[in-house]
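Visitor: Copied straight from Swiss-Prot:
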ACT_SITE  50  active site, nucleophile
BINDING   49, 50, 51, 52, 108, 113, 114, 115, 119  substrate binding site
BINDING   188, 189, 190, 191, 192, 193  NADP(+) binding site
SITE      98  site 'Important for activity'
């Protein structure tokens, strides 16, 4: 058995090279079929994301990592000398540990990010669909998913916001007890606001207002998250309805001023409002923070929160790494015990084959009228000689080669030193 991982990722390779060896859906189907039909690879899974391409496999006896690397280079028509400097290789327990670290987000560009686990699960499902994975590799991935779940349960590695969009939503959850009962106004409709909307939706927010310069872009978000749409000039009219305002536009001048917020507060009878301004330059006048019942956070405030949370994730990662080390060692113990089970089964089958062969000869001898006592004595002698032949030769060879430790193991194995 030889477990192997070969791959490149965001730390070892440039974007250009990662793009060259990425597997599109069509390429993945062809690649998995090639792995399945390979004479050198027993079982394999291909993980391909924007940040990494990795092949997890069990190779047959005598096959080295070079075979898999050559296959990857040839498949993508990439020169081997271009690929090799960026390749990393993990074998046996190191391969097991690497997969577990990847799935737990410990090897990600953003430490602890949860999306990678879904990508690993998809890679495994694809390999299964094409009958490319079985045996040890299949068991490895199943164990890996349990380890990732344990890490998420026993540590808080994914619990601290490390993106601006998620940090903004985390602030909202901290200040307002229930987002399901809060109205959120999103100013802008770009990628960051779309991420904010997704996080808010996941957190249970049901009342969203999207304010944007162009209605068409705002409608895309509105359809996706069941939101109301207004134009930027309509913000003063609707601002009082919002408990939380998160803004990210490309406007060169502030969109929301102190006077506008004062008016909204009066209409709300001074119920608190949270403003999160993640635009550069600012969408919300800094003087808004001077008002009572207003919480105003800028992108710099969020950055300090994110920096703190990254440090917290690093602390949580220490415990996660300990879990991965423990679980990878446990998986290797399972592999060794599996190998022992196979050896025991083969030993029993060989012994049973000898027994049946000699028994049949004895039955034939008895049927031909030979003396029963003589037949039984011959059976017992031959059975004893055949069963002790292999360990006898092994002890003689160990003694001849000056291998006392090996001789001691054999003696213990056959019960001489128990």
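Cβ atoms here come from the backbone N, Cα and C positions, even for glycine.
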Visitor: Would you list, in sequence order, the residues of this chain other than 188, 189, 190, 191, 192, 193 that have their CB within 8 A of the centroid of the site's CB atoms, where the site is the one recorded for NADP(+)?
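Guide: In sequence order, the nearby non-listed residues are 186, 194, 195, 196, 248, 249.
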Visitor: Give me the sequence-ordered set of same-chain residues, not including 49, 50, 51, 52, 108, 113, 114, 115, 119, with a C-beta within 8 angstroms of the centroid of the substrate site's C-beta atoms.
Guide: 109, 116
Visitor: Going by C-alpha positions, which of the binding-site residues (114, 190, 193) is nearest residue 50 (active site, nucleophile)?
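Guide: So, spelling it out, the nearest of the binding-site residues is 114.
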Visitor: List every residue in the same chain as residue 191 (NADP(+) binding site), at least 6 positions away in sequence, whose Cβ is under 8 Å from its Cβ.
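Guide: Spatial neighbours, sequence-distant, of residue 191 (NADP(+) binding site): none.
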Visitor: Among the recorded positions listed here (98, 189, 190, 192), which has the Cα closest to the Cα of residue 108 (substrate binding site)?
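Guide: Checked the recorded positions 98, 189, 190, 192; minimum Cα distance to residue 108 (substrate binding site) goes to 98.
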Visitor: Rounded to an integer, what is the Cα-Cα distance in Å between residue 192 (NADP(+) binding site) and residue 98 (site 'Important for activity')?
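Guide: Residue 192 (NADP(+) binding site) and residue 98 (site 'Important for activity') have their Cα atoms 32 Å apart.
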Visitor: Between the Cα atoms of residue 119 (substrate binding site) and residue 189 (NADP(+) binding site), find the distance and write it as a whole number of Å.
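Guide: About 27 Å separates the two Cα atoms.
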Visitor: To the nearest whole angstrom, what is the C-alpha distance linking residue 98 (site 'Important for activity') and residue 190 (NADP(+) binding site)?
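Guide: Cα of residue 98 (site 'Important for activity') to Cα of residue 190 (NADP(+) binding site) measures 36 Å after rounding.
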Visitor: For residue 190 (NADP(+) binding site), what is the tally of other C-beta atoms lying within 10 angstroms of its C-beta?
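Guide: Result for residue 190 (NADP(+) binding site): 15 other Cβ atoms within 10 Å.
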Visitor: Measure from the Cβ of residue 188 (NADP(+) binding site) and count the other Cβ atoms within 10 Å, all protein chains considered.
Guide: 27
Visitor: Measuring Cα to Cα, how far is residue 188 (NADP(+) binding site) from residue 114 (substrate binding site) in Å?
Guide: 26
